[in-house]
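Down below is the structure, laid out as C-alpha cells.
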Amino acid sequence: MSSCNFTHATFLLIGIPGLEEAHFWFGFPLLSMYAVALFGNCIVVFIVRTERSLHAPMYLFLCMLAAIDLALSTSTMPKILALFWFDSREITFDACLAQMFFIHTLSAIESTILLAMAFDRYVAICHPLRHAAVLNNTVTVQIGMVALVRGSLFFFPLPLLIKRLAFCHSNVLSHSYCVHQDVMKLAYTDTLPNVVYGLTAILLVMGVDVMFISLSYFLIIRTVLQLPSKSERAKAFGTCVSHISVVLAFYVPLIGLSVVHRFGNSLDPIVHVLMGDVYLLLPPVINPIIYGAKTKQIRTRVLAMFKISCDKDIEAGGNT
C-alpha cells in the first residue's frame, strides 16, 4: 500500500458543486422535508404501536418501514444542514465510513421490507384463506430480523474494502454525504474489488428484491383479472395501490441514481448531488403521507390527535 495513505484524516464535503453560495437557501426546503419525514414517520410508528387493530402483518411492516426511514434520513440530514448553514465541511474518515454503512445498509433493509410487503399482498389476494397461517405477527417480526441481518451482512464489507485503499490526490468529496461510489473514486490504489463487490451486493439485494416484487404483482394481477365482478377487481387492486406507490417512490429514484453514478459521467455534478439528496428524503417524506391517506385507522387517529390538541388550545384560551 502506498505511504501516502491518509485513512485517519478527514474528508471535505463540497455540498452542491458550483452552488456553494446558495447552500444557505437550499437548507430551508431540505429542513422542511426532514421535519415532515420526522413528524410523519413518528406518527406512523406511534399509531401502529398503540392501535391494537393495526397489529397485523401489513401494518407491522409499515411500522418497520417508518422506523427505517427515520434512521435513514437522520443518518445524513443533520450533517447536510450543518454543511449548508454553518460550512461544516469536515467529516472524519471513520464518521464517513459509518455514514456510508448506514446509508447502504438501511436502504437494503428497506428494500427487503418492501419485498415482504409485496409477499403479504400476494398471500392476501392469491391465497386469502391461508394468510393468517402463513403471515402471523411472529413470522412478521422474524422477517424484520432477517431484513436487518441481510442488509448488515451484505454491506458490512464496504467500509472494510474502503479501509484497504490508499488516498493521495484529494480528500474532497463532491457530495453532501458519504457513499461508497464517491469515496472509492478518491482512492489512489486499485478499486476493482470495491467495484465488483459493490455491484454484486446491489444486484443480490435490490436486483433480487425487484425481481420478486415484480413476480408477486404479476401473480396478483393474474388472480385479480380472474375475479368475476368489476367491483371485486377494483377492491383487490385498491389494497395494493399504497404499496405500489411506495415501491415506485423507493426504486425509481434509486435506479436513476445508480444509472447516473455509473454511466452519467458527462452530466453536471450538480445533478448527481441533487438527485442523491432528494433520494434520501423522498421516500421518508411521502411514505407516511401515502399510507396515512389510504389507511382509515391511521387517518382517523391523526385527525383525532389534531382535534384533541385544538380543543385543549381552545379551552386554555377560554380560561385565560
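Glycine is no exception: its Cβ is also placed from the backbone N, Cα and C atoms.
Sequence-distant neighbours of CYS96 (disulfide bond): residues of the same chain at least 6 apart with a C-beta under 8 Å from its C-beta are PHE11, LEU173, CYS178, VAL183. DSSP assigns CYS96 (disulfide bond) to a helix in the three-state reduction. Annotated disulfide bond per Swiss-Prot: CYS96-CYS178, in sequence order, evidence recorded as sequence analysis.
Annotated N-linked glycosylation site per Swiss-Prot: ASN5, in sequence order.
Feature annotation from Swiss-Prot assigns topological domain 'Extracellular' to 1-27 (among others); the stated evidence is sequence analysis.
Note on the topological domain 'Cytoplasmic' (49-53): residues 63, 297-298, 301 of its chain, located 6 or more positions outside it, place their CB under 8 angstroms from a CB of the stretch. What Swiss-Prot records for 49-53 (among others) is topological domain 'Cytoplasmic'.
Under the heading topological domain 'Extracellular', Swiss-Prot lists 75-98 (among others), citing sequence analysis as support. Distant neighbours of the topological domain 'Extracellular' (75-98): 6-15, 23-24, 26-27, 30-31, 34, 106, 159, 162-163, 173, 176-178, 183, 277, 280-281; these residues of the same chain sit at least 6 beyond its ends, with a Cβ under 8 Å from one of its Cβ atoms.
The list of residues near the topological domain 'Cytoplasmic' (120-141) in space but at least 6 beyond its ends in sequence, with Cβ under 8 angstroms from a Cβ of it, reads 55-58, 60-61, 216-217, 219-220, 223-224, 236, 239-240, 243. Under the heading topological domain 'Cytoplasmic', Swiss-Prot lists 120-141 (among others).
Averaged over the topological domain 'Extracellular' (163-200), the predicted model reaches a pLDDT of 87. The topological domain 'Extracellular' annotation in Swiss-Prot covers 163-200 (among others).
Per Swiss-Prot, the feature topological domain 'Cytoplasmic' maps to 222-239 (among others). For the topological domain 'Cytoplasmic' (222-239), the number of residues in each DSSP class (helix H, G, I; strand E, B; coil) is 13 helix, 0 strand, 5 coil.
The topological domain 'Extracellular' feature in Swiss-Prot is assigned to 261-269 (among others).
Look at Swiss-Prot and you will find 291-320 (among others) tagged as topological domain 'Cytoplasmic'.
Per Swiss-Prot, the feature transmembrane segment maps to 28-48 (among others). If one looks beyond the transmembrane segment (28-48) by at least 6 residues along the same chain, the residues whose Cβ comes under 8 Å of a Cβ in the stretch are 54-55, 59-60, 62-63, 66-67, 69-70, 73-74, 77, 80-81, 84, 277, 281, 284-285, 287-289, 291-292, 297-298, 301-302, 305.
Remote same-chain residues near the transmembrane segment (54-74) are listed as 34, 37-38, 40-42, 44-45, 47-48, 102-103, 106-107, 109-110, 113-114, 116-117, 120-121, 124, 135-137, 139-141, 143-144, 147, 246, 280-281, 283-284, 287-288, 291, 295, 297-298 (criterion: CB distance under 8 Å, separation of at least six residues from the stretch ends). Swiss-Prot lists 54-74 (among others) with the feature transmembrane segment, giving sequence analysis as the kind of evidence.
The feature transmembrane segment is assigned by Swiss-Prot to 99-119 (among others), with sequence analysis given as support.
What Swiss-Prot lists as transmembrane segment is 142-162 (among others). Using a Cβ-Cβ cut-off under 8 Å and counting only residues 6 or more beyond its ends in the same chain, the transmembrane segment (142-162) has close neighbours at 60-61, 64, 97-98, 100-101, 104-109, 111-113, 116, 180, 183-184, 187, 193-194, 197-198, 201, 204-205.
Tertiary proximity for the transmembrane segment (201-221) is limited to same-chain residues at least six positions away from its ends with a CB under 8 Å from its CB atoms, namely 104, 107-108, 111-112, 114-115, 118-119, 121-122, 125-126, 150-151, 154-155, 157-158, 236, 240, 244, 247, 251, 254, 258. Residues or ranges marked as transmembrane segment by Swiss-Prot: 201-221 (among others).
Annotated transmembrane segment per Swiss-Prot: 240-260 (among others), in sequence order, evidence recorded as sequence analysis. Under 8 Å from some Cβ of the transmembrane segment (240-260) lie the Cβ atoms of residues 65, 107, 110-111, 114, 117-118, 121, 125, 202, 206, 210, 213, 217, 220, 267, 271-272, 275-276, 278-279, 282-283, 286-287, 290-291, 294-295, all in the same chain and six or more residues away from its ends.
Away from its own ends, the transmembrane segment (270-290) comes close to residues 15-19, 30, 33-34, 36-37, 40-41, 43-44, 65-66, 69-70, 72-73, 76-77, 80, 103, 110, 174-177, 179, 242, 245-246, 249-250, 253-254, 256-257, 260-261, 264 of its chain (Cβ-Cβ under 8 Å, at least six residues beyond either end). Here the topological domain 'Cytoplasmic' (222-239) has long-range neighbours at 121, 124-126, meaning same-chain residues at least 6 beyond its ends whose C-beta is under 8 angstroms from one of its own. According to DSSP, the secondary structure content of the topological domain 'Cytoplasmic' (49-53) in residues is 4 helix, 0 strand, 1 coil.
Through the fold, the transmembrane segment (99-119) approaches residues 58, 61-62, 64-65, 68-69, 71-72, 75-76, 79, 91, 135, 140, 143-144, 146-148, 150-152, 154-156, 158-159, 162, 177-180, 183, 201, 205-206, 209, 212-213, 216-217, 243, 246-247, 250-251, 254, 280, 283 of its own chain, all at least 6 residues removed from its boundaries and within a Cβ separation under 8 Å. For the recorded site, CYS178 (disulfide bond), the DSSP three-state label reads coil.
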